[in-house]
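Chemist: Supplied in structure tokens, the structure appears directly below.
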Amino acid sequence: MKPQQLATQKFSEHYGYSAAQTVFAPGRVNIIGEHTDYNDGFVMPCAINYGMAVSFSKRDDSVWRVYAIDIDEQDEFDLSRPIEPSEHKWANYVRGVVKYIQEKCPEFKQGADLAMTSDVPMSSGLSSSAALEISIGKTAQVLGDLPLGLAEIALIGQQAENKFVGANCGNMDQLTSALGQKDQVIMIDCRSLEITPTPVPHGYSIAIINSNVKHDLVTGEYNSRRQECEFAARFFGVKALRDVTPEQFIERAAELQAENELAYKRAKHIISENQRVLEAVEALKANDMVKLGQLMAGSHDSMRDDFEITIPEIDYLVELAQIAIGKNGGARMTGGGFGGCIVCLVPDGKVEHLRRIIADNYEKQTGIKETFHLCTACDGVHLI
């Protein structure tokens, strides 16, 4: 059963009446451009056909009752009182979004009953949290008929995750969940929020392979990467690493390396990765899948060697995928790192070959069974 059907059904069972409306917000996969978003850089994700559905109805008071179907828990809070953190981590994503919507729209106090469910695997790097934030943001916007655009809802979602949940994420995940387009990857300039849609090449599929090694980014590694990038930006005297050209980096690389080895390595990844994203857009437009494959491989190597966010299981998955796909297409880790998924752009005729090579080798080598998802690029958040 699809999340939107499950949300509607469980809403009726839980509350004893039918939901008025349902919102669906997709997860995302990032084709290339990793950890560049919070450096004001470039990313190239697409929204995917896995996501979060929220069925909801207005109440005649200011209370939100939120039923999380997948874990059978409920949260309740009152929009006419200051919104405080909950002991349930999932509930803080909901409360945080509503809190920052109220900062923008102080008159918003419309109560509601909600039931929500997701088929985005948790801790996979496919943005289960952004799908939750954007679905809640859109729900609130509909409930209150609020004058909020999709990009604003995305930035409110990011604010909630940064300030209320305590994960220092960039804005890519939320922007993609809000602004995704069917059959397109979207290059996002994370500073101007300008979007450049580019069609997914004809005859290619997007495969996402979950290593099933879990990660949780609220803890230290992610935040330390941000601090190292900020150190490097200060070293170059710029607002963000986006403002450093490859030539400027090369000119002062030895000096930065002598001062702070880690900041040097992190900056090397970010600056080269921004360049790879810009080249990837051109490769896609030219239908040059050999070039795109090389850029994806370069991105993975840089994440492994300079940003140091991959793990042996992920490196092995990428290696297997690259063997299966060959030169036309590519594979790399996607998401924050330390587990999660790899993304592949694979010729349709090689999908089963890819699936088989990984099934025959990954578990044998690691003792963990992978999960294989074929995805399509989808529209962003919408009412169903």
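Just so it is clear, glycine is given a Cβ too, placed from its N, Cα and C backbone atoms.
Checked Swiss-Prot, it gives:
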- Asp173: active site, proton acceptor (ACT_SITE)
- Glu34, His35, Thr36, Asp37, Tyr222: substrate binding site (BINDING)
- Ser123, Ser124, Gly125, Leu126, Ser127, Ser128, Ser129: ATP binding site (BINDING)
- Ser129, Glu161: Mg(2+) binding site (BINDING)
- Arg28: site 'Transition state stabilizer' (SITE)
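Where in this structure would I find these features, and how exposed are they?
Modeler: In the three-state DSSP reading, Asp173 (active site, proton acceptor) counts as helix.
His35 (substrate binding site) is surrounded by 26 other CB atoms, counting those within 10 A of its CB over all protein chains shown.
Listed in sequence order, Gly27, Arg28, Val29, Ile48, Tyr50, Val120, Ile208, Thr334, Gly335, Gly340, Cys341 are the same-chain residues at least 6 apart in sequence whose CB falls under 8 Å from the CB of Leu126 (ATP binding site).
Taking the Cβ of Ser129 (ATP binding site) as centre and 10 Å as the limit, one finds 28 other Cβ atoms among all the protein chains shown.
Cβ neighbour count for Arg28 (site 'Transition state stabilizer'): 34 (other Cβ atoms within 10 Å of its Cβ, all protein chains included).
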Chemist: Out of Ser127, Ser128, which of the binding-site residues is least crowded by other Cβ atoms within 10 Å?
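Modeler: Per-residue Cβ counts within 10 Å for the binding-site residues Ser127, Ser128 bottom out at Ser128.
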Chemist: Which recorded positions from the set Glu34, Thr36, Asp37, Glu161, Asp173, Tyr222 come within 10 angstroms of Ser127 (ATP binding site), judged by C-alpha positions?
Modeler: Asp173
Chemist: Sort the recorded positions Ser128, Ser129, Glu161, Asp173 by C-alpha distance from Asp37 (substrate binding site) and give me just the closest.
Modeler: Asp173
Chemist: Starting from Ser129 (ATP binding site), work out which of the binding-site residues listed here (Glu34, His35, Thr36, Glu161) have their Cα within 10 Å, and give them in sequence order.
Modeler: Glu161
Chemist: Note the Cβ centroid of Glu34, His35, Thr36, Asp37, Tyr222, the recorded substrate site, then list each other residue of that chain whose Cβ lies within 8 Å of it, in sequence.
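Modeler: So the extra residues in range turn out to be Gly33, Tyr38, Asn39, Val43, Gly170, Met172, Arg225, Ile270, Gly336.
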Chemist: A 10 Å Cβ contact count, applied to the recorded positions Glu34, Asp173: which residue has the minimum?
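Modeler: Least crowded of the recorded positions Glu34, Asp173, by Cβ count within 10 Å, is Glu34.
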